[in-house]
Amino acid sequence: MCYSIAVVGQPNVGKSTFINVLIGKYVSEVANWPGVTVDIKIIKIEYDGKEVCIYDFPGMYSLNPTSEEERIAAERFVTEDFDNHIAIADSTSLKRTLYLVVQSLELKGKGVVALSKTDAALKAGIHINVGLLEKKLGFPVIPFSSYTLEGVEEVLEKALERQKERELYINYGDLEYYVVRISELLRGKVKGNPRWYAAEALADNPVAWKVIESVGLGEEVRKLVEGAKKELGTDLGKIIVEQRWKFIEELVEGVIQVEKVVKEAWWAKALDAALLNPILGPLAAFLILFAVLFVSFSLNTGFPANVVFSSLGLDSLAEAAESYNTSEILGSFFDSLAEAARNALPDPWGSLVGDGIIAGVGAVLSFFPLIFTVYFLLAVLEDSGVAPRIAVALDPLFRVVGLTGKAIFPMIISMGCNVPGVLSSRVMESAALRKAVAMNVMYVPCQARLVVFLALASLLPPWSRALSVLAVYAYSLLVFIVTTYISAKLIFKVKEKAELVMELPPYHVPKLRILLWMTWDQAKHFLKKAGTIIFVFSVILWFVLESSVSQAIGKAFEPLSEWALGLKGEAAEVINVAMLAGTVAKEVVLDVIAISSGTSNIKEAAAALGITPVQALALMFAVAVYVPCIATIAVMKEELESWRLVALSVGVSIIISILTAKIITVIFGLF
Ligand SMILES: Nc1nc2c(ncn2[C@@H]2O[C@H](COP(=O)(O)OP(=O)(O)OP(=O)(O)O)[C@@H](O)[C@H]2O)c(=O)[nH]1
Ligand SMILES: [Mg+2]
């Protein structure tokens, strides 16, 4: 059976171009349906092992036809049972082109809304809040461009997904009484939503009438329509159309924003002069990204602003940066919340809620401000048009290692959190590069690991602290680049050099509202992680850590810690358990070490366990590259669609981590 998808939309919205792209990608057959009208092309493609028949309908302004061609098309769309349909609206004139979309969704009760020509919209400074539109409409909405190919595959995938039927409800105002009466008559007799037929019968749509006559209800419906005409005048169609436009007005309210496009401003010229210069470009790009990271990390962890301040002799500012940052403030908030839960509830509930749930979820949530800041600043870069120029500027550097300049974005995002970092691997040009990045971007240290680095660095001699944190970042990025290169070559067999496919949009003046849409769109993945996976695993981990299982595991791996880190006995057990716990969320590593000595102070705990500075350094590097957290593993599976690849990359990371620790212990143990 061929899974049938009708593609409908107003004239010129880009239906045929979209279908031609699909043909180009998954060609199997282009044919005119035998025996039926030649106006509707049917294209057979193979996707994901599935046979898919795509119906290219001619443009229709509405399902109430004004020409013979439209009538044939509308009748076919209305009467035939498609497995699904894609209703295309044009991003560059969304409101106008939604009219047919709204009608087709109302009629069919399912369907995918595809917003075409996003490339042109971007150039014109038009922004559409897809999430909001989707929420208001209740149907999936996917933006795409047949020119850049962005979103094309997603549209198809969405149309192949099983969809719940739901009703798009339009209030027909004065005609509501008649719409309800007629639809009661038609319910169960017609395919699709009887309200649509009722409204169209009132609007005198010949297609709707034909169906109504064919089920033998012409007479009865006509009586009701006559009644409506007596009451409200003869042009009932006008009321129906007006009510639909009213619905669309409300639908797009707050959804469309237009930004000013800048071509000639001095800053646009200056940015282009810097970023598009082959020598200055990479430098300027790094400078901008460094500023993004500096601001976000300093606001949220105090580092590296504290280092800068104290090296300038501004100790009180450095201290302020360390104690007034968001992760510190939220961290202590969740600590006291956990404390309150422990006191309020009898054990084991108090401990489960306090030490398990609140501590686990709180640890993740305290990073939310950082994620939000990083995304917000990246949204500024993206929305203003600076981001694509950064990709262009850095492209020559990434090309050396077989990647393209776009790889900078998963990298930077991963410095906040690996979960969205893995998801953003989608920007990469080819499936092979995308997977190679998704498999290895976890080596880029996230914020949680930064917290662990900073704590472990406090066990080192003061002069070496900042240096060791920088070194561990450099090392992790190197591991990311090398492993990505190797996976691309060996696993995904990438042969040709990747090409950066990117058009430079004009600069825009960002609008706060749009920046917040973009930021929220990304940041919500992070909250979802905190709400679901972390919640579940916090509970599981609490059970493991409370039971003797953890000690058994700690003991079992003692020889490994002894070999790699030179740790024995209790110290080895604690570190093993800490590393295990760190797979839930990296910062938990610290908690376990601290709790082991009954304090919340890492220095005291390290002293009690006899951990030397060299071991602390080795541990820091090991934490940097070992096993991503559970949430990251979950999204890696989503992106890679293979547990084998996930297992491979996790296995490799463990080996790299153990070897790294061993090498550092050996080398620095010599001094
Ligand atoms: N910028 C941009 N233009 C596009 C895109 N897709 C289509 N177009 C242009 O939009 C115009 C209409 O495209 P078609 O694919 O013929 O539109 P259609 O919906 O099939 O039109 P009808 O068959 O007449 O209803 C053409 O000039 C295309 O080049 C896109 O992704 N980006
Ligand atoms: Mg066409």
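From the backbone N, Cα and C atoms, a Cβ is placed for every residue, glycine too.
Marked as GTP 1 binding site by TrEMBL: Gly9, Gln10, Pro11, Asn12, Val13, Gly14, Lys15, Ser16. The Mg(2+) binding site feature in TrEMBL is assigned to Asn20, Gly24. The GTP 2 binding site feature in TrEMBL is assigned to Gly35, Val36, Thr37, Val38, Asp39. Among the features that TrEMBL reports, GTP 3 binding site is placed at Asp56, Phe57, Pro58, Gly59. Residues or ranges marked as domain 'FeoB-type G' in TrEMBL: 2-165. TrEMBL lists 279-299, 357-381, 436-460, 472-492, 526-545, 616-636, 645-670 with the feature transmembrane segment.
Structure coloured by features recorded in TrEMBL.
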{"residue": "Gln10", "record": "GTP 1 binding site", "Cβ within 10 Å": "21"}
{"residue": "Asn12", "record": "GTP 1 binding site", "Cβ within 10 Å": "14"}
{"residue": "Val13", "record": "GTP 1 binding site", "Cβ within 10 Å": "27"}
{"residue": "Gly14", "record": "GTP 1 binding site", "Cβ within 10 Å": "26"}
{"residue": "Ser16", "record": "GTP 1 binding site", "Cβ within 10 Å": "17"}
{"residue": "Gly24", "record": "Mg(2+) binding site", "Cβ within 10 Å": "11"}
{"residue": "Asp56", "record": "GTP 3 binding site", "Cβ within 10 Å": "20"}
{"residue": "Phe57", "record": "GTP 3 binding site", "Cβ within 10 Å": "24"}
{"residue": "Pro58", "record": "GTP 3 binding site", "Cβ within 10 Å": "19"}
{"residue": "Gly59", "record": "GTP 3 binding site", "Cβ within 10 Å": "18"}
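Counting other C-beta atoms within 10 Å of each candidate's C-beta, the binding-site residues Gly9, Pro11 are led by Gly9. Counting same-chain residues at least six beyond the ends of the transmembrane segment (645-670), those with a Cβ under 8 angstroms from any Cβ of the stretch are 435, 439-440, 442-443, 475, 479, 483, 487, 491, 560, 563-566, 614-615, 617-619, 621-628, 633, 636-637. Here the CA atom of Pro11 (GTP 1 binding site) lies 12 Å from the CA atom of Asp56 (GTP 3 binding site). In this model, the domain 'FeoB-type G' (2-165) carries an average pLDDT of 88.
Under 8 Å, Cβ to Cβ, and six or more positions away along its own chain, Asn20 (Mg(2+) binding site) finds Ser146. By the Cβ criterion (under 8 Å, sequence separation of 6 or more), the transmembrane segment (616-636) is in contact with the transmembrane segment (436-460), since 3+ such pairs are found.
Among the binding-site residues Gly9, Gln10, Asn12, Val13, Lys15, the residues whose Cβ lies under 6 Å from any atom of ligand 2 are, in sequence order, Lys15. Within the same chain, residues 297, 300-301, 303, 327, 363, 367, 370-371, 403, 407, 410-411, 414-418, 421-422, 425, 428, 466, 468-469, 472-473, 476-477, 479-480, 483-484, 487-488, 491-492, 494, 582, 585-587, 589-590, 602-603, 606, 611, 613, 616-617, 619-620, 623-625, 628-629, 632, 636, 639-640, 645-646, 648-649, 653 sit at least 6 positions outside the transmembrane segment (436-460) and bring their C-beta atoms closer than 8 Å to a C-beta of that stretch.
Sequence-distant contacts (6 or more apart, same chain, Cβ under 8 Å) of Lys15 (GTP 1 binding site) comprise Val7, Val8, Gly9, Asp56, Phe57, Gly59, Ile88. Sequence-remote contacts of a segment are chain residues at least 6 beyond its ends whose Cβ falls under 8 Å from one of its Cβ atoms, and for the transmembrane segment (526-545) they are 351-352, 355-357, 359-361, 364-365, 367-368, 371, 417, 419-420, 577, 580-581, 584-585, 588, 592, 630-631, 634. Distances between the Cα of Gly24 (Mg(2+) binding site) and those of the binding-site residues Pro11, Asn12, Ser16 are shortest for Ser16.
When the Cα atoms are compared, Pro11 (GTP 1 binding site) and Pro58 (GTP 3 binding site) turn out to be 7 Å apart. Selection of the binding-site residues Pro11, Asn12, Val13, Ser16, Gly24 by a Cβ distance under 6 Å from ligand 1 yields, in sequence order, Pro11, Asn12, Val13, Ser16.
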